Amino acid sequence: MDNYNASITPAARPPPGVTPNFIDPPSEKDIIVAYTTIFTIIATLGVAVRIYVRLFVMRKIQIEDYILIMSWAFFMVFNGFVYTQAVASVMGRHAWDVNLLQLQHFLWASHHFLAHGCWTNYDLQLLNITTIVYGPMLICGKGALILLWQRIFAGTAARCVLWWSLRVLLYMNIAVYICGMAIQTFTCTPRAKIWQPWLDGFCINTEASFLYTAAWNLFLDITLLIIPIFSTRNLKIQKKRKWILMGCFALGIVTCVASVLRIVNAVELANSTDQIYDEQNSIWSAALEQTGVILVICAPTFSKLWNHFRGRAEDVGEQDDDQRRSSDKRTPSPRFASNKTWIELGEGMQSQMSVSDIRQRDQDWDEEKELSYHGIKRSESVNKPMKVHVRNEVTISIADTKKTANTPHYSAFPHLAVKARDVGRGERRA
């Protein structure tokens, strides 16, 4: 087939009454560029927030953070290929508005790069490269998410059922996408049939591989959505923090929706007579899925950044390993504690707290800021009830030993609320 015939022959038969337009055809280019830009911005901001928090707030980088950066880098390459295909190539156009010469260039350039390690003058036609990059992108993205869930909910020391389950999912995810990458790279025999479909030879059913990969994505996304939500329900934390955490993890619904769309698109693509146009739907759902994965990984650090700039210590984000293991011990809340010691605050008033509840403070400790942080406000009048002021001396009784600690006008109680009780002489004021 010579170049002249290829340049005037459409890649697909047009519908009745439709004339092929190779010069200025209708295209979905603007829509593709728009969602590519939006997904790029969202993913970049999310990764930037997480890395900033891990470096400058928590001052601890985990292995999933490095893997997340790799996933983000692959995502940027993926979006770059999609953008160039939309702007300078035929993506978003109907097949009958693409001639065979354009189709050959569209399919050939990326495979020439794989075979020879260099670009040609058709270096903007990168459809196959885009599908190949999809594999390592989600190997890293979902791998980072699995490792994060393993560290938060299963720990690094205990080899529990959840730990092993997540580890199996990690290895299966790697295997599935490596197989997908191999299928996309070695689709046809001979290789030239990939960019010249009219040649004699044999090609693997890539549409089936898309469908199997999409089904695996849906299973994995639902599993990774259920694990944190149900695990968070059992955490001994405030209800507000618990609901915010569950809301962050519920962003995984985005990835589940994207996986469902991938299955629908894979079925449509397998039966499509206009694959060049319909391919954009598959690309769109893949980009949405990766954006959702990045958001789920980064969302727990958003509150840390917010509280960091507000100068607050508490947050609803993820904890360090030591903090998580400490919380896993399920230390009882003060209202249910049975191992507390009563501390005398004044005439007949006592408060229940343990020695571990008293913490040291630096010389630059701000009394007003600390009290406001713990919900204790200065009393304007000593006649107002339920405003507990602490004398300069607090006697702590522990077993048969008495210790004395000097305190300021107000107590610097920690983040656990202090409960006071009247010991039987009516309403008292300290």
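Every residue number used here counts from 1 along the chain in the order it is shown.
Using the three backbone atoms N, Cα and C, a Cβ is placed for every residue, glycine included.
A TrEMBL annotation is a machine prediction, not a hand-curated record.
Residues 65, 68-69, 72, 75-76, 79, 82-83, 86-87, 91-92, 280, 283-284, 287-288, 290-291, 294-295, 297-299, 301-302, 304-305, 308, 317 of the same chain lie 6 or more positions beyond the ends of the transmembrane segment (32-53) yet place their CB under 8 Å from a CB of it. The transmembrane segment feature in TrEMBL is assigned to 32-53 (among others).
The annotation domain 'Rhodopsin' is assigned in TrEMBL to 49-306.
The transmembrane segment annotation in TrEMBL covers 65-83 (among others).
Residues or ranges marked as transmembrane segment in TrEMBL: 129-149 (among others).
What TrEMBL records for 161-183 (among others) is transmembrane segment.
The transmembrane segment annotation in TrEMBL covers 210-231 (among others). Beyond the ends of the transmembrane segment (210-231), by six or more residues, the same chain brings 138, 142, 145-146, 149, 152-153, 162, 166, 169, 173, 176-177, 180, 245-246, 249-250, 252-253, 255-256, 258-260, 262-263, 265-267, 269-270, 282, 289, 296 to within a C-beta distance below 8 angstroms of the stretch.
Per TrEMBL, the feature transmembrane segment maps to 243-263 (among others). Outside the transmembrane segment (243-263) by six or more residues, the chain places 210-211, 213-215, 217-218, 221-222, 224-225, 228-229, 232-233, 235, 237, 281-282, 284-286, 288-289, 291-293, 295-296, 299-300, 302-303, 316 with a CB less than 8 A from a CB of the stretch.
The region 'Disordered' annotation in TrEMBL covers 316-339.
The annotation compositional bias 'Basic and acidic residues' is assigned in TrEMBL to 322-331.
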